[in-house]
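What TrEMBL says about this one:
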BINDING   ASN9, GLU383  Mg(2+) binding site
BINDING   LYS16, HIS206, LEU207, GLY208, ASN209, GLY210, ASP281, CYS282, ARG283, GLY329, ILE330, GLY331, GLU332, ASN333  ATP binding site
BINDING   ARG89  substrate binding site
ACT_SITE  ASP146  active site, proton donor/acceptor
SITE      HIS178  site 'Transition state stabilizer'
SITE      ARG239  site 'Transition state stabilizer'
Amino acid sequence: MNQHVLVLNCGSSSIKFAIIDAETGAAPLQGIAENLGAHNAQLRYSFDGKKTAIELSDNTNHKEALASIGRVLKQHDALQSSIIAVGHRVVHGGERFEQSCLIDPLVKEGIRDLAKMAPLHNLAHVAGIESAQDAFPDLPQVAVFDTAYFQTLPKHAYLYALPYALYEQHGIRKYGFHGSSHHFVSHEAARLLNKGIGQCNLITAHLGNGCSITAIKQGKAIDTSMGFTPLEGLVMGTRCGDIDPSVATFLIESLDYSAAQVSALMNKQSGLQGISQLSNDCRTLEEQQALGNENAKLALDMFVHRLVKYIGSYIALVGPLDALVFTGGIGENSSYIRQQTIAQLAHMGFSLDETLNAETRFGRSGRISDATSKSVFAIATNEEWVIAKDTIHCAFKA
Ligand code: AMP
């Protein structure tokens, strides 16, 4: 059996896990422990396509959930003994973590320190790391940072035009997120183009519940839409993306919002959800707008408008474009969003092949543009595989 990596993505109330074949990227076993700390905690997983759900006791914490995941692994002896390392997705690596690294007490402390920039995520990661060290004491544990892919951004791209001291003293700058996904699909695009990644100018759009878009010049990220936090940039499921910062001060000074209320408004009640007043789910909005719902149509139109603006500006940055890539739940599956976006870019030399656009969904990857167009790909992302490969590299080859 090939060697496998246990990839963990620990959130504040959930742990996503996958056993990844480091050679092929396949995931024979994957699942999620969710509602941790609540009364309806549950562990769901699928093994070779067969789904199982286990109720966990009330208020199950990360440590108990990882012990339960460990017990599931024990039932699959051969698979368990093929696991050689644990890879943790860590959202914020700040400027300190330029690349993935083996976790030692200093690294753990560094991740905890960065919690001031991503409190929900990084503290949950530390809890997950400590629990995984207890549950799998014999396996090397590696941290793979969402932000590391964007270390190549030049300073003039990652700085905000604020007083420089805020950057120097408090690290206020653009960091970028979804790095493993942009990394994966850019390399897949280079493969489809039959070119070395270093020869490729690409724009990769990760469109899911969170959305980000990255400009890649000669294989290196030079700009990206998410910023100091994952709030900046595109319209997302429940996040507003780009906005005049004065809206925040107006809400506080004139409408008596607290800082926490502004944050909740912009992160959890805005985006597709906020505009449509219906749903953050692109599928629901597509169905509703087809039935004539104006709010659903407006939300989708705003989503596409912002996306088109970013694509245009990133074409200006990367120079002659080799390919535009769609990924993430919406990018991989929504023929509608892809069609609406590309229709607005016709004057820049883009056009879709209708059949390819309709058929390249649900895990299929490939070209969706027609023969006259600049290349457009839809690529099923595999962030876990990037994490697994980095984990093996750090644990055994670095
Ligand atoms: P993610 O966060 O990457 O899992 O993506 C979630 C988003 O993908 C949600 O807005 C879903 O509605 C959207 N999505 C998933 N499947 C489809 C589909 N077949 N058509 C349109 N949107 C989809």
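Quick reminder: no glycine exception, Cβ is built from N, Cα and C everywhere.
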Cα-Cα distance linking ASN9 (Mg(2+) binding site) and GLU332 (ATP binding site), given in Å to the nearest integer: 21
Reduced DSSP assignment, ASN209 (ATP binding site): coil
Distance, ARG89 (substrate binding site) to ASN209 (ATP binding site) (CA atoms, angstrom): 18
Per-residue Cβ crowding (10 Å cut-off), top of binding-site residues ASN9, ASN209: ASN9
Neighbours of ASN9 (Mg(2+) binding site) among the recorded positions LYS16, LEU207, ARG239, ARG283 (Cα to Cα, within 10 Å): LYS16
Assigned element (helix, strand, coil) containing ILE330 (ATP binding site), judged by DSSP: helix
Entries of ASN9, ASP146, LEU207, ARG239, ARG283, GLU332 (recorded positions) sitting next to ligand 1, with Cβ under 6 Å as the cut-off: ARG283
ARG239 (site 'Transition state stabilizer') CB neighbourhood, other CB atoms within 10 A: 27
DSSP-derived class (H/G/I helix, E/B strand, else coil) of GLU383 (Mg(2+) binding site): helix
Minimum Cα separation from ARG89 (substrate binding site), reported as the residue among binding-site residues ASP281, ARG283, ILE330 that achieves it: ILE330
